[in-house]
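See structure below.
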Amino acid sequence: MSTENGQLNTNEKQLINRADTGKTAVSDSPLPFKPHTALSGKVLEALSSNATSGLPDDEVSRRLEKYGPNRLKPPKKPSVLKIIVRQVGNAMTLILIAAMATSLGTMDWISGGVIAALVILNVSVGAFTEWQAEKTVASLESVGAPQATVVRTRNGSRDATIKIIPVEEVVPGDIVQLKNGDIVPADGRILDGHLSNLEADEAFLTGESLPVAKQTEPIEEEDCPVGDRVCMVFSGSQITKGRARVVITSTGMGTEIGKIAQALDSKAKNKNRGFAAFWWRTKAILGVVDTTPLQIKLNKLAYFLLVCALIIAVIVVASTGFSDVPLSIATYAVAAAVSILPASLIAVVSLTLANASTDLASRHALVRRMDAIEALAGVENVCSDKTGTLTVGRMVVRKVWVPALDWRANEYAPLDTSGGQAYSFETGSDPFYPRGEVLADIQKITAAAEAFDLKQPRDQSDSSSSDSDPEERDVEDQGRVIHVEEMENNLRDLSLCISLCNQATLTRPIDQDGQWAANGDPTESALQVAAHKLGHGKPFLTHAAKPSQRADSIRSGHSSRPLVAGIRGRFVQIIEHPFDSTVKRMSVAYKFVGEDPQDSHVLCLLKGAIERVFERCTKIQGQPITEEHKKDVMSKVDALAAQGLRVLALCGKRLPITMVDEVTSTPRDAFEADFQFLGLAGIFDPPRKESAGAVADCFRAGITPRMLTGDHPATATAIALTIGILDKTYSKSAVMTGQQFDSLSDDEIDQLPELPLVVARCAPETKVRMVDAIHRRGQSTVMTGDGVNDSPALKRADVGVGMGTGSDVAKQSSRIVLSDDNFSTIIRAIRKGRSVFKNLSKFLLYLLSGNLAEIIVLMIGLAFKDENGQAVFPLSPVAALWINTLAAGPPALALGLEPTAIDAMEQGPEVYHRIFTLEFYVDLIFYGFLMGSISLVNFVIVLWGYYPGNLGRFCNEDDPSICDPVYQARAACFATLVIVLMIHALECKHLSRGLAQINLRDNRVLLWCVIVLSLSTFPVVYIPVINNKVFLLGGPRWEWGIIFGMIFVYLGATEFYKWCKRIWNRRHALPSKGPSDKTLRMENTIAPPV
């Protein structure tokens, strides 16, 4: 938990230190040393295990009993009884229970029964809502890796067997086999001699976006960060390449993810002592601390109304002189006290939040804590990760460059033939979709500001678009479409390299609406998609595809191209040198078996980091590489990198078919020599197509979006420019690295004109400091995260948003979980939060103004005395309860279902910070006094305008004939108040627009509530026994004339009041508070063109 002074508490510091320094406790570990510091043989010996035979079954049973199941400790879940007790302990519910007991004590069985029904309704609705929330939380708990492949020995046998077991049964010392696509079941040490090109995605634990290449050699530094322990694999990470055999070193809560989960589960204790501790516990019991902000507001309101209710009850009893209080007066005192309480408020709030939660769940936002919905309304900042949230989370090839010297289509000759040719790839919402146009750029690649425009040529998902539509594709600006049959040789050679020097595969969708999938390294998957778009997919080159597929053609836009035009034969792989993190390159050799034997040859291909590949090249375009060539190539590398692209170099060479045996026997270092440079490929994670619109919505709503990512500054800047977080005139202070931000003290950060909009190479601690810096500026924020190390920032933020694909620890630390990991879903949730906030204001105004109207009628009615000197009630206790519950409750609930206003994202967040504003209080007093006054006036008109003011005797208890004037006056007062209250519900739809300007049909639930409840007045006032025995009123006759007359008075007064408000608002209108400086402009911006 976070402390109030804004500093990191002990648990959070430990968590951050574990991520950044690797200082983890080993008390739960079966090893006396850190396994990453020792040889794998020493680890096996310490665990009494064997690399080839594993553990015997009986030893597994003993260790399972000793160390427990391999799972994280689940969070404590409240029982149904505890949920019910929590709902009963609500302040408003306790007050109603007291009122119920008082009613039953005075033998007012009807009132007591009505209040009891209200209590049951409030508790039931609240308990059901909380139970549904707990079910949502339970549905978010992923099972991790459901199965693991282990090597074990049967008891009494020496022969090892391969078993597939549930992950929970994995124990320390188990030998686990891992391959591409597996989820690591527990922390383990990679074994010598059992590693083959292994890479693992550990982003959820370390924040590193790229897969980590593994090795078997130990790491000397004992306290190195988790991400640097490359001889280890960690529970929950995914194998993205290769295979290995590991020995399990820790399981369950002893794993790295388990230790962090345990630290997060530890709650800070209240450090108050003495009276301060007693006072804090008292406030916690009363519900004004240690609960949600909305619940605190409602509890404080309940206690204020409780004091008012007690005062009202005392005033009613005092009207008798506190001597010989009749039972009717005692009942009336209870009814008057209850009338000031919005009895249905708890149920309405619970159902409104539950409805909002259900709606958000249908929009891919699962709400774990209901207070998050309220908090979303007033946030001023959204701090989001980039990968998978603002972007699609999948790598795609954006551009390739070849050192072209020839061009076949002179009509479309590029402008920069001397500097080579660049090509852009069409991308869309499905990153693995292997079809799309390739455009030859007519502008040279530079590092100019224009290079940051990463707009896609066209989204292939909209294949129905017309080619002539300038908004879809401007051929003159973007270049011409490239077809395989007219592809120049340089691009053809490059496409062969990215296709064949590649182990990734693409999978067709099962159904028509499905998406393509890729299996393999993310970079290689992107290259394979690009190869397919160029018409050189690996399955077709190697004839792995079915003959029918090879004979088919791929469509791109409205053109069709043969799959492997000009290639007559097939490629057969003869050797592979996998990617190695030390040399940062991969090479392969294929034997090309041509249909014409003279075309057969050996094709050697190489790809990798530019600095490690270019040094292996001796030729370019058949000519020796010179310094000028090197400068030209490196300038293109810099230009592509400036666009936020990750650059790979590709090269190849052809050898005679007779050298097959020599190639297969040549050592790697000798094989990877004397290559010809083919070109460059620029890869990036493209922004989601809806991200730009969502960012624009943020700025319109006065919310500042910030990108906090672990990626390179150039990549982060390019994406931020593309989606609108930055524009081309951004200042240097708008973009920082995590190291730069962390090097600033809190005072220095507070002195910045604005906090940075982009933080690249962002560490988990940086996110926590960003949240604290925002809080010190008096603002609130949303923080997204998916990794274990994001948990402190998620807990510290006002609204932590976890990713559905993220770790369980991150999801448990969040208030909202996105099932689609989409930034635009956060904006939709904010829009919904604002809608709920406005609806809360509407039905609170409706309920409280109705309560005030009732109190005015009931309290002033004490002045009317009968022949015995007793007060005559304008409303009977049952009628008062009817209005407070059945008449007020359903419309209030319907107001909670109001649709989101069109201008919800056009107002600044400050509008959503407070419910009980000055405007709210003024509206409350106006509407309450207006409705109460006109109802009471009708009571007086009937008694003294038509009847001679005869109040009879005992008209509060029985139905004597002399009480007819009182009963008729009550009927007029009751009908007026009920119908006016229904119209008031419609007026509450908008606080300044007139009824004629409000769309009454956009909330049919409210409209039907108003109609049905208005009509319900008739059976109450006309059905015998119900009217004169229960409600103590008669059937109106001519009184309907004054009833409808007062309804028109209410409408006229309300419309005039709203007209005055509109005039006031126009005269005192302030511009909406937007971002203080969207782009932090300065004179020195982006580097000049190269």
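Just so you know, glycine gets a Cβ as well, placed from its N, Cα and C.
Residues annotated as compositional bias 'Polar residues' in TrEMBL: 1-14.
Annotation source TrEMBL lists region 'Disordered' at 1-33 (among others).
According to TrEMBL, the feature domain 'Cation-transporting P-type ATPase N-terminal' maps to 34-108.
Annotation comment: TrEMBL describes 83-103 (among others) as transmembrane segment.
Among the features that TrEMBL reports, transmembrane segment is placed at 109-129 (among others). Outside the transmembrane segment (109-129) by six or more residues, the chain places 80, 83-84, 87-88, 90, 92-93, 96-97, 99-100, 103, 331, 334-335, 338, 343-344, 346-347, 350-351, 353-354, 370, 877-878, 881-882, 885, 1030 with a CB less than 8 A from a CB of the stretch.
For 301-323 (among others), the entry in TrEMBL reads transmembrane segment.
According to TrEMBL, the feature transmembrane segment maps to 329-354 (among others). Tertiary proximity for the transmembrane segment (329-354) is limited to same-chain residues at least six positions away from its ends with a CB under 8 Å from its CB atoms, namely 90, 92-93, 95-96, 99, 102-103, 106, 108, 111, 115, 118, 121-122, 125-126, 128-129, 132, 294, 298, 302, 305-306, 308-310, 312-313, 316-317, 319-320, 370, 373, 836, 839-840, 843-844, 847-848, 851-852, 854-855, 858-859, 870-871, 873, 876-878, 880-881, 883-885, 888-889, 892-893, 896-897, 956.
Residues or ranges marked as region 'Disordered' by TrEMBL: 451-480 (among others).
Residues annotated as compositional bias 'Basic and acidic residues' in TrEMBL: 452-461.
Per TrEMBL, the feature transmembrane segment maps to 843-864 (among others).
Listed as Cβ neighbours of the transmembrane segment (876-897) (distance under 8 Å, sequence separation of 6 or more from its ends, same chain) are residues 108, 110-111, 114-115, 118, 331-332, 334-336, 338-339, 341-345, 347-349, 351-352, 355, 836, 839-840, 842-843, 846-847, 850-851, 854, 858, 956, 970, 974, 977-978, 981-982, 985, 988-989, 1003, 1005-1006, 1009-1010, 1013, 1016, 1020, 1030-1033. The annotation transmembrane segment is assigned in TrEMBL to 876-897 (among others).
Per TrEMBL, the feature transmembrane segment maps to 924-947 (among others).
Look at TrEMBL and you will find 967-985 (among others) tagged as transmembrane segment. For the transmembrane segment (967-985), the list of distant contacts is 846, 849-850, 853-854, 857, 873-876, 879, 883, 887-888, 891-892, 894-895, 927, 931-932, 934-936, 938-943, 946-947, 955, 959, 995, 1006, 1009-1010, 1013-1014, 1016-1017, 1020-1021, 1027-1028, 1031-1037, 1039-1040, 1042-1043, 1046-1047, 1050-1051, 1054: same-chain residues at least six beyond its ends, Cβ to Cβ under 8 Å.
If you look at the transmembrane segment (1005-1026), the same-chain residues 6 or more away from its ends with a CB under 8 A from one of its CBs are 882, 886-887, 890-891, 893-895, 897-898, 971, 974-975, 978-979, 982-983, 985-986, 989, 1033-1036. Residues or ranges marked as transmembrane segment by TrEMBL: 1005-1026 (among others).
What TrEMBL records for 1038-1057 (among others) is transmembrane segment.
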Mean pLDDT for the domain 'Cation-transporting P-type ATPase N-terminal' (34-108), as a whole number?
82
What are the DSSP helix, strand and coil residue counts for the domain 'Cation-transporting P-type ATPase N-terminal' (34-108)?
45 helix, 2 strand, 28 coil
